[in-house]
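Contents: one structure, followed by commentary.
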Amino acid sequence: MGLPHPTAELAPDADGFFGRFGGRFVAETLMPLILELQQAYESAKQDPEFHAELDALRRDYIGRESPLYFAERLTEQLGGARIYLKREDLMHTGAHKINNCIGQVLLARRMGKQRIIAETGAGMHGVATATVAARFGMKCIIYMGSTDIDRQQPNVQRMKLLGAEVIPVTSGTGTLKDAMNDALRDWVTNVADTFYIIGTVAGPHPYPAMVRDFQSVIGQEVREQLAEKEGRLPDSLVACIGGGSNAMGLFHPFLEDESVRLVGVEAAGEGLDTGKHAASLQGGSPGVLHGNRTFLLQSAEGQITDAHSISAGLDYPGIGPEHAWLHEVGRAEYVAVTDDEALDAFKTLCRLEGIIPALESSHAIAHAIKLAPTLPEDHVMVLNLSGRGDKDMTTVTERLADELAADAPAE
Amino acid sequence: MTQRHDRIARRFDELKAANRAGLVTFISAGDPDYEASLETLLALPEAGADVIELGMPFTDPMADGPSIQASTLRALEGGQTMAKTLSMVRALRERDDATPVVLMGYYNPIYCMGVEAFLAEAAEAGVDGLIVVDLPPEHDAELCLPAQAHGIDFIRLATPTTDAKRLPLVLENTSGFLYYVSSTGVTGAAAPSAERVAEEVEAIRAHSALPIGVGFGIRTPEQAERIARFADAVVVGSAFTDAIGEAARPEDGVRRVVDLTRSLSEAVHRAREAEEA
């Protein structure tokens, strides 16, 4: 299937800008590396061998394509739009993150790099990175906030089993943004042999475009699968957004199809008006962090504030610059759902479809639950089920302790 | 019209005439609190700082090591704001019109204040230069060129990864002096050998007549002395932020910074005496 060849108006410009967002706001030490990476990526995109190897790994290692599953009982229950789930949760390592990691590790090998570093929040990107590093025999260092290490223990153990070194990050607030700071500090220090696999559609150019391209396999498959099942394009696409890679991967192949409604779901945490949320677009303002200009959670003084979400994977005070641009030009709409709504949606999907979703993906489900009943029965909605929920058992069982302790199922 | 003071150029001219290197000191504005930081700032010129770098605190200092990270967070916890940082510069200017002040930090606090508003206030306060770590030459239109239009120098970092192909681009709009980062990595990392750095600095001199300050990893008078033999200035940062961080009370921090400035300044002064004798 290969990588998309975006049209001129969709691609970032030569300096990596999507409108006024994006760019390469990095220290001079990193500039030569970023330019080298861009060159390597451009050359890989033109190389049929790179595509062939990527396609083979997608098929035989990741398990693509991922199913597009008609959620019959969820659709019936909500009584509106026909809801399909794009089953990224069934892919190797349990989330969409591997799509990007497999692409970047192939690039790392092409560039002769032997040491892989990455940041991780919920640990899914860390696990996916550790996985591809093991597969290609590379040294792997994962930076993870100490707060996240506490709440995502199973993923920490997975990374270690896969041979990665997990470095707890205590600087700042000990969450994803600080892990990214420390990964950047590592990269600046070990420029010669290190490849930094950024896990989302953020960071300096070319990362936002490159990660999007590797994730676009999601939307490309949806296009083909839906043509087969329904004989047409979807009417709406719904995906959760932290940095925004699963959403960008789903949206991007449909950007030019104006009939397709694109809905990104941010984490409203305890509520947008409480200040304890992770909704950069709806509760933030434009700024510059981690190499790109985008919407950020910050004070009026430009100091970055903490994100809050029940889901560690959405707990980031920024968002990919292409989303900021789609928001500004109005091509995509962005909404937010709270921790409680996400938790309810989590339970709903478990009971109705026999699928335990990631808390991140539960945000998308929560919005679909609100949206679907308002739509006609011939409306086709595709929801990206970006990951599975096994990693969230500790968080969920703590929050639902009373309910789970009851003898009978709470019906 | 903006009045140019050229304090940086004049200071490097004086240093050259005296055949000695300058000492560039870094502290985070407001670390650990406004009063102590202001007292430190005001004491620096007399203690021997030839150029003062004043950090604009930022929550996410990606190019800095643990010591400066801690200092910037102490300052923010102490309530430091951009307005307070600029008022520190104004207070210094009331008593010292010769020592150049360079504000150092990251782009976001400036961007959020508004580039024009920031530059107008900084120029008025008596700021001479800016070092903004996350604005490479590719983004000169953002701040570098507007700053120079306000008479404020834009000092850029060159690093060991800046190859011959890239150096002209880095130098193109750099003014005031060039800051040579002597090692890859974050501030406060281990110091590289003086011999290697000397060679790298000589290589840059072939491309530029700008004064060259060398920093990253220089902590002791002995290290400063070795670098001062060939560099136009020696930049010391983390040793100062450590001195403030390790102090039991803010006033002890002031004294430690002043003492360290004195001993570094003496070392930098004597660096070229041996070869002259």
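Note: Cβ is positioned from N, Cα and C throughout, glycine not excepted.
Within 10 Å of the C-beta atom of B:Glu53 (active site, proton acceptor) sit 26 other C-beta atoms, taking all shown protein chains into account. What TrEMBL lists as active site, proton acceptor is B:Glu53 (among others).
TrEMBL lists B:Asp64 (among others) with the feature active site, proton acceptor. In this view, B:Asp64 (active site, proton acceptor) is surrounded by 28 other Cβ atoms within 10 Å of its Cβ, with every protein chain counted. In the three-state DSSP scheme, B:Asp64 (active site, proton acceptor) is classed as coil.
Across the structure, B:Glu53 (active site, proton acceptor) and B:Asp64 (active site, proton acceptor) are spaced 15 Å apart at their Cα atoms.
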